[in-house]
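Q: What TrEMBL lists as domain 'ArnT-like N-terminal' is 37-234. Per TrEMBL, transmembrane segment is recorded for 95-113, 119-138, 183-204, 216-234, 268-292, 299-318, 324-342, 354-376, 388-408, 415-434.
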Amino acid sequence: MTDTARRLGWKDWLVLIALSALVLLPGISSIPPVDRDESRYAVATSQMLASGDFIDIRFQDEQRYLQPAGIYWLQSISVALTGTADDRAIWAHRIPSFLGILAAVLMTGWIAAGLYGRMAGFGAALLVATCFAGGFEARIAKTDAMLLATITASHLALMQIYLKPQGHWWRPALFWSALGAGMMIKGPIILIFVLLALLALVVWDRKFAWLGALKPLWGVPLFLAIALPWYVAIGLVSEGGFYAEAIGDSLMGKVGESQQSHAGPPGYYLGLFSLTFWPGSLFFVFAGYWAWANRRDAATRYLIAWIVPAWIVYELIATKLPHYVMPVYPAMACLAVAAIFMPGEAKAPLWVKIGAGVYAALWLAASGLVAALGPAGLHWAEGHLSPLLVLAGVVIFLAAAAALLLHVIGRRPMALVAGLVAGGLAVTTVYGATLPRLDTLWLTPRIVAAVDAHGGCETTRLITSAFREPSLVYRHGPYDTLLAADPADAAVQFATETECSLALIDASEADAFLARAAALALNLDAVALIEGQNYSNGDAMSLTLYRAAMHATDAADGQP
């Protein structure tokens, strides 16, 4: 294969960017702020911009010492450049996540094209763009998409050095820069995915001379120059509190015991894999035996080392979330397309073929679930079916079934195309056309609309007790939203300033709130009723908005 055939040209890059945007952008502005992590990041970023303090991280009056400042800085830049600081437009906070997934897509294409050819580069890149987990992370303002970008960049550079130690200076520069950037995004998590792979290669090959090509004498100082200043500054500002919480409680706490009810046994990620990396999970599993049979090939060995050690570690860690293993997906995509486009086929034994057949049936079932998510989700939440979503679901399943059939009969490039069509349509259908329409679950936008309609002041203080989700703090404003300890406390807080205050009270706590309000001689009017489900905890909610009777106006539609 010629060097030209192994490269993606500028037109190829433009096509990849366009296709990725087509798949990843729908929903980025129409999905409301998601609870809880995304909205916490957005609130902290908003406060960082308002205060001008880019070292300390806060959620209202509380310190937020779970992650470094990198993602808040990126979101701050995005919000500032788009001029949306006063609008609380969540899409501006999501731009870094979209760019993180896009960068991972392009770097995956670069890696796969360099190893296996131009069409393999296209296929691997689009497997990352259309995978279900990545599609969600591109649309949510958290750390994981940008962490994926830094880990992929680190591996791109490290793989180049491993395969050809004598090379350009940009490779160690990229490696150490990406490592430093990853440390600023999510702390030492990047080391699990990068250094474990490096260690596995040294042990596997029993060679370590190539490590000198990393240029640690100037690479380590570069890494420290990127990450160390903020870590020193936050240590001084927090008097060590950041390290106690972020490393002692958050990081180490996740290893030994599950946090926030995010538990799972070993095998958790294996069980979810057919969905989280769908549709690429089909092609990777079918490529598994090929990869093992070709483990003598240095590139294949590197990709295996990228995947296996980190996967094992995360299966053993107590706290589990589906996206935690997402940084190995680029390597999986590369191996998946290698088995499709590289000449020669490994002759699998019977037990491998039986296992692949069983998995194919499971993958087809997972495809049915993915295809049904759009129409079934809308019917469950809103009580009606959308003919277009039903049609999209049918097309998704048929494309997935075609991908499986084509792969089985040996038409593997066409199988990949069918799988990518299914994946792209599924991601846009679920995240772009379904999630934004689940009004029953999106309580915050309706609450904010009611507050705007009944506030009566330029700035309205909102006091809430039962519904304490960060999305409400973000949309109404961190300085104008008061999270009361209980309904009685909500009444007390309301009494301190009745003129420009509203109280949001759930039906389950209305009696306690009204009793305390009566004891405080408060005369209240109920001006709006908002009903729905809090998806963060599954609770059905019937929320009433109260204001002081002296400001009563004509009753609003839907007033209780």
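Cβ from N, Cα, C; glycine included.
Note: TrEMBL annotation is automatic and uncurated.
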Q: Given pairs 6 or more apart, does the transmembrane segment (183-204) have at least three Cβ pairs under 8 Å with the transmembrane segment (216-234)?
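A: These two segments touch.
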Q: Give residue numbers and ranges for long-range contacts of the transmembrane segment (415-434): same chain, 6 or more residues beyond its ends, CB-CB under 8 A.
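A: Residues packing against the transmembrane segment (415-434) from afar: 19, 22-24, 26-27, 30-31, 123, 126-127, 129-132, 135-136, 139, 278-280, 282-283, 337, 340, 367, 370-371, 373-374, 377-378, 388-389, 392-393, 395-397, 399-400, 402-407.
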Q: Can you tell me which recorded stretch out of 95-113, 119-138, 216-234, 299-318, 354-376 has the most Cβ pairs within less than 8 Å of the transmembrane segment (324-342)?
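A: The stretch with the most close Cβ contacts to the transmembrane segment (324-342) is 119-138.
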Q: Checking distant contacts: for the transmembrane segment (119-138), what same-chain residues at least six beyond its ends satisfy Cβ-Cβ under 8 A?
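A: For the transmembrane segment (119-138), the sequence-distant neighbours (Cβ-Cβ under 8 Å, at least 6 residues beyond its ends) are 8, 12, 16, 19-20, 23-24, 28, 94, 97-98, 100-102, 104-106, 108-113, 144-145, 148, 275-280, 283, 322-323, 326, 329-330, 332-334, 336-338, 340-342, 370, 413, 416, 419-420, 423-424, 426-427, 430-431.
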Q: Which residues, given as numbers and ranges, are at least 6 beyond the ends of the transmembrane segment (388-408) yet have a Cβ under 8 Å from it?
A: 279, 282-283, 286, 360, 363-364, 367-368, 370-375, 378, 414-416, 418-419, 421-422, 425-426, 429, 433-434
Q: Using a Cβ cut-off of under 8 Å, list the residues of the same chain at least 6 residues beyond the transmembrane segment (216-234) that approach it.
A: 55-56, 65, 68-69, 172-173, 175-177, 179-181, 183-184, 242
